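J.: After the structure tokens below, expect a handful of questions from me.
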Amino acid sequence: MAGAGGGLGVWGNLVLLGLCSWTGARAPAPNPGRNLTVETQTTSSISLSWEVPDGLDSQNSNYWVQCTGDGGTTETRNTTATNVTVDGLGPGSLYTCSVWVEKDGVNSSVGTVTTATAPNPVRNLRVEAQTNSSIALTWEVPDGPDPQNSTYGVEYTGDGGRAGTRSTAHTNITVDGLEPGCLYAFSMWVGKNGINSSRETRNATTAHNPVRNLRVEAQTTSSISLSWEVPDGTDPQNSTYCVQCTGDGGRTETRNTTDTRVTVDGLGPGSLYTCSVWVEKDGVNSSVEIVTSATAPNPVRNLTVEAQTNSSIALTWEVPDGPDPQNSTYGVEYTGDGGRAGTRSTAHTNITVDRLEPGCLYVFSVWVGKNGINSSRETRNATTAPNPVRNLHMETQTNSSIALCWEVPDGPYPQDYTYWVEYTGDGGGTETRNTTNTSVTAERLEPGTLYTFSVWAEKNGARGSRQNVSISTVPNAVTSLSKQDWTNSTIALRWTAPQGPGQSSYSYWVSWVREGMTDPRTQSTSGTDITLKELEAGSLYHLTVWAERNEVRGYNSTLTAATAPNEVTDLQNETQTKNSVMLWWKAPGDPHSQLYVYWVQWASKGHPRRGQDPQANWVNQTSRTNETWYKVEALEPGTLYNFTVWAERNDVASSTQSLCASTYPDTVTITSCVSTSAGYGVNLIWSCPQGGYEAFELEVGGQRGSQDRSSCGEAVSVLGLGPARSYPATITTIWDGMKVVSHSVVCHTESAGVIAGAFVGILLFLILVGLLIFFLKRRNKKKQQKPELRDLVFSSPGDIPAEDFADHVRKNERDSNCGFADEYQQLSLVGHSQSQMVASASENNAKNRYRNVLPYDWSRVPLKPIHEEPGSDYINASFMPGLWSPQEFIATQGPLPQTVGDFWRLVWEQQSHTLVMLTNCMEAGRVKCEHYWPLDSQPCTHGHLRVTLVGEEVMENWTVRELLLLQVEEQKTLSVRQFHYQAWPDHGVPSSPDTLLAFWRMLRQWLDQTMEGGPPIVHCSAGVGRTGTLIALDVLLRQLQSEGLLGPFSFVRKMRESRPLMVQTEAQYVFLHQCILRFLQQSAQAPAEKEVPYEDVENLIYENVAAIQAHKLEV
């Protein structure tokens, strides 16, 4: 009856029937169960429980449960237990459950309870949205019957403990009022008929609050650094911050971080970016905070200081790498070392920052600005140019240095300046110096050279504008300043141009001031000589010569020189004796004549007995006096003297006044007067008088006659006397128109031989007349003869006796030196055919100064050869003959620059102690000889030889130098004396023989004292002209002294056989004779070997005529 599947309606009907039909005695119905309770409900079951009815024996008892849904469905169950679960129900349905007890077929009353099954849970519960304070949930209605009248319940619990419940009739709900960033557990159920479904749960997190204070911390060319503060609300632990930057070109970079700062890199330079930042936790993002920023542009490239002035600095740069620099702005910031600062901007890639302080260091920063963001800065230090130096001027100048000074430039910071000095000479070449001082001395400059100086200040590499000044060094002093000539109103000076460049462009100034005066006079000249005129006679002048170039005066060379006094006047001999001559003259009319010294010089012009006294000294004698008269004493009787008088002051002599005067002859002594054998005459013998005499006059008894000079000491017969008589006899000595009568002697004649004497007298008379006619005709014939034309055959003069040399010179001087020309012509071809192969070799060409002056092979002086140096044994030098040796001298050319070393090798190898130099290094603007000795004490080295100047003595016409030659390898020395004659022009002759003779005497004295060592080395320029003349003069004067002979022609020919062109010009050949003649005039010594005195033809004629007349008188 109560089987499964039975419906409640049937049961009800049955119950009702039972109740209504219960008529018999039936068992009592059990009590209904007590406390019927719904224990649980599910979506498909309802669990009920109840208590056993009162008094019911549970044995054989059965409980019926019938649940009828609101949809009409019924489920029935029975059980013996006091609980039951009715399943198979529909979810979410309202059921009426009836429970009764049936025992023994008897049902108790029904206990009823209305309840419902639980609805199905909601479907597809999901979080629809989350904010920082709410979570939106949605779901779908549960499976099952119509959800009408259903209620949805939501319960949530946050991780911070916050909880709550919400309900809704909809399928979505937004739970708000939540804490941000919190995890919430949501439980969702459906409530219907008072029964809730099982819960659907979801966890959901509220979004965080947005980050706070989002800002851009930094921007670089490839990154943007952002920072923010944690959101308000809950602890952001386990939260992630998301950053997304999107550029204006669409490029996006995203970064996640748990920190509150991030650097987004990998961005493009100079680009605008929109950066979004949000918080993410449990997959929930907060709202986005946005900031717009830009990356920094790349820095400018190649920032360069383009120009600097004293008030501005120009900068240039290149646009930065990266996107188009349009809309970029360039900023420039500068700070000066004085604190001055400023900022400029430009849209260009260059800028000039002006109004700056001069000479200041500025730090420049340049950046690119784009989108309000500046690039990193490029910096450059640059200094404005200092102002130009002030008051640039020359402080001092020498021949090798110029000292400049200046004032610091205007400006606020003159310290730490470096000053640069650049100078260029007019010969080219530039030097640069720098200094931190306001002065500098430029050294090692060329003398007499114009230099252009540029001076500028520099600071930190910035140069100020230049200040320029042109200044010349001081020219060197002129050298070899000497007095060449002088008169009573002029002084001629000569000098050598200063050492240094540009000699041709020098001008020279001469200043002179007379003694006692203070106002000098000056005169300029472009040459190296000058003659000062209109000077006072007999006055001392202080002379100063300097070179000038570029308007700068050179160093002074000074000389004290005097004009000659005027010559004395009215020179006369007042009285004379046989041993003295009294001279008298008038003093010159000069202002200083009271200070004059007068010199009297006398020399014998000879007398017939001169050759008989080899011990006599006929050299000029000189004496001085302060008076205008002088008695010359200790003279030789009967001698013709040449007297010369001149005034002197300051060692300068006036022109001379001369006269010739003879001393009276000496008286003779009649030593014998004997009668002839016939008694018609006497034989007189008288002594020869001392000194000179020309003839004698005899007077015997009033009878007079003449005898020649040779009659003294011989018996002279005086005839025509009467026998046996006494006659007074005197002898008159005749000399130069003067007569001196001897003491009278009485002679006695014998009485025999008158007739014989007369005959002999007549015969002698006729003979003498014949001789007289012969000599007179011969003399007239010689006078009438005219000179004949010379033919081509010349007679070569041999050695000439000293006493004939004057005549020889006078004869050759006739017709414009025609005789000398003949002799010199004969010398022209001497030696030309000899070999000169060594000198002509190609390796030796450069060693020859002149191509036509080459040494002969046989006479050249060879040097010791140097290994593997062809031609090293050659020098243009020749051995020359002398008086005693074929190699008494060495003649050589003046050294060339390339042969100076060879020259000193020659000196060393020949061990020569003597050098004779007859040229100046520079003559007429041309180099004649290299300056081969040191200029000062600093030695010069040539190969293995070192030359040192030990001493120097400068005289008017020559200089003597002491040199020391050191062989470095052998450590041996050689002393050398150089005699440098400076008054002999090339191809010419000195103005007077006197200076050369004085030079020769000094040289010969040295050579006589220095016998050891090699031959003297003599040179001029070519080594033939002046060199040959001096060698010939030395040899011939020594020949004169030793032999009394002179052979100029022979010796010159002999020299030319050893070296070509010796005595190079006819003028030098004539001058050689003039020097010898002058030497003879200065010397009274006769050669010892000569006994026969010199007599010219006219004197011989005179003496013969005088003899004839004397014999005529005798007759």
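For all residues, glycine too, the Cβ spot is worked out from N, Cα and C.
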J.: Look up Asn238, Asn399, Asn556 in Swiss-Prot and give me whichever carries the note N-linked glycosylation site.
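T.: Among Asn238, Asn399, Asn556, the residue Swiss-Prot annotates as N-linked glycosylation site is Asn556.
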J.: Candidates are Asn203, Asn327, Asn468; I want to know which one Swiss-Prot annotates as N-linked glycosylation site.
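T.: Going through Asn203, Asn327, Asn468 one by one, Swiss-Prot annotates Asn468 as N-linked glycosylation site.
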J.: To which residue among Asn35, Asn107, Asn381, Asn573 does Swiss-Prot attach the annotation N-linked glycosylation site?
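T.: Matching Asn35, Asn107, Asn381, Asn573 against Swiss-Prot annotations yields Asn35.
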J.: Looking at Asn350, Asn620, Asn626, which one is marked N-linked glycosylation site in Swiss-Prot?
T.: Asn350
J.: So one of Asn172, Asn302, Asn488, Asn957 should carry the feature N-linked glycosylation site according to Swiss-Prot; which one?
T.: Asn172
J.: Looking only at the domain 'Fibronectin type-III 3' (210-299), how are its residues distributed among DSSP helix, strand and coil?
T.: 0 helix, 50 strand, 40 coil
